[in-house]
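S.K.: Here's a structure for you.
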């Protein structure tokens, strides 16, 4: 893939490095807020701010379809770089102006998250024009590794580094990652980067910012997929809060890093080794529902385990199936949605599905004071079993194939 499609290689490496940067500042700031304020509610607010921009993703969809996607990627990375520097200023001011410091940090997080959200959409809308349709599932393996594998890996590494380095030092390392990602995005060939909307008559048509929603709500498969992801992300909003609590209960920031490292190992194995093997023999639709089911079923038993080593082993095993599940999600959308509509539909899908992460973060940030992590993980597992049932019940999804 990387040798066949040079431009895809540049997108992949750029996203890989940029996602490392995202992971570093997200972990550093979440742990920083918990340690400074001792408030799970503020941790919930922090996580909500990360995903809040997704509520407004639909506003940018048609612009993404019409714009030069290479330039967009570079501009968005520059915005994230500036936001991280803004966050560093906020951290520096903490000992002098505590409230002002938190406001600056939260504002910087919101700006960075807004840029990151649109970066994902731009890349997903760009990839189908860089590779052949039959290779979309394979690009899913690479991008899942870039999106999720490195996210968990660098989050875990950062968690361990936090025990030996200062938060400020890690944030300056973070700045370097965004500089590197800008370099790789700038290498994408200009002659393949063109607006997806090529019909001259479109310039005379009044933009409809809600057109992406209309496409989703008029297609049962897209609607079921989007609403299932919305519910999944609501649960993951709580997951981001409760993994901090699990880490603190089992041994502090070091174990928190190890826990997310276990998540990364499972996700990476699933999204690379297992996915590349399974995709040769099983249609993506069948993979979609079966991997969600197994993930939910195997995750529930962790609530009964007190030995942290056995806990981590089962955790890794469960997340193998999440990695498999995530690989096939975006390729299904890329294959099903016409290229000229990808930007607006993916943006609308993000608004519906990912914005619930903010709601979940706020809700579970509050309920974490009253509900233990065992009860949450039981709820989380049952939630994924329900999602698997929804996928299976929609014929177009369970029988979906890409050829």
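Note that Cβ sites are derived from N, Cα and C of the backbone, with glycine treated the same way.
Note: TrEMBL annotation is automatic and uncurated.
Quick paste of what TrEMBL says about this protein:
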type	residues	note
TRANSMEM	12-34	transmembrane segment
TRANSMEM	40-60	transmembrane segment
TRANSMEM	72-93	transmembrane segment
TRANSMEM	99-120	transmembrane segment
TRANSMEM	168-185	transmembrane segment
TRANSMEM	221-242	transmembrane segment
DOMAIN	221-403	domain 'Major facilitator superfamily (MFS) profile'
TRANSMEM	254-275	transmembrane segment
TRANSMEM	287-306	transmembrane segment
TRANSMEM	312-333	transmembrane segment
TRANSMEM	373-394	transmembrane segment
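Relative to the rest of the structure, where do these features sit?
M.R.: Note on the transmembrane segment (40-60): residues 26, 29-30, 33-34, 102, 106, 109-110, 113-114, 117-118, 121, 209-210, 212-213, 233, 237, 240-241, 244-245, 343-344, 347-348, 350-351, 353-359, 361-366, 368-369 of its chain, located 6 or more positions outside it, place their CB under 8 angstroms from a CB of the stretch.
Within the chain, the transmembrane segment (99-120) has long-range Cβ neighbours (under 8 A, six or more residues past its boundaries) at 15, 18, 22, 25, 29, 33, 37, 42, 45-46, 49-54, 56-57, 60, 64, 72-73, 76-77, 79-80, 82-84, 86-87, 89-91, 93, 147, 350, 354.
Proximity of distant same-chain residues to the transmembrane segment (168-185), defined by a Cβ-Cβ separation under 8 Å and at least 6 residues beyond the stretch ends, is recorded for 10-11, 13-15, 17-18, 20-21, 24-25, 28, 70, 73-74, 77-78, 80-81, 84-85, 87-88, 91-92, 158, 161-162.
Remote same-chain residues near the transmembrane segment (221-242) are listed as 30, 40, 43-44, 47-48, 51, 215, 329, 332-333, 336-337, 345, 349, 352-365, 367-368, 373, 376-377, 379-380, 383-384, 386-387, 390-391, 393-394, 396-397, 400 (criterion: CB distance under 8 Å, separation of at least six residues from the stretch ends).
Remote same-chain partners of the transmembrane segment (254-275), defined as residues 6 or more beyond its termini with a Cβ less than 8 Å from a stretch Cβ, comprise 27, 31, 140-141, 144-145, 148-153, 155-163, 243-244, 246-248, 291, 308, 312, 315-328.
With a cut-off of 8 Å between Cβ atoms, the residues of this chain six or more beyond the transmembrane segment (287-306) that come close are 270, 278-279, 314-315, 317-319, 321-322, 324-325, 327-329, 332, 373-375, 377-378, 380-389, 391-392, 397-398, 400.
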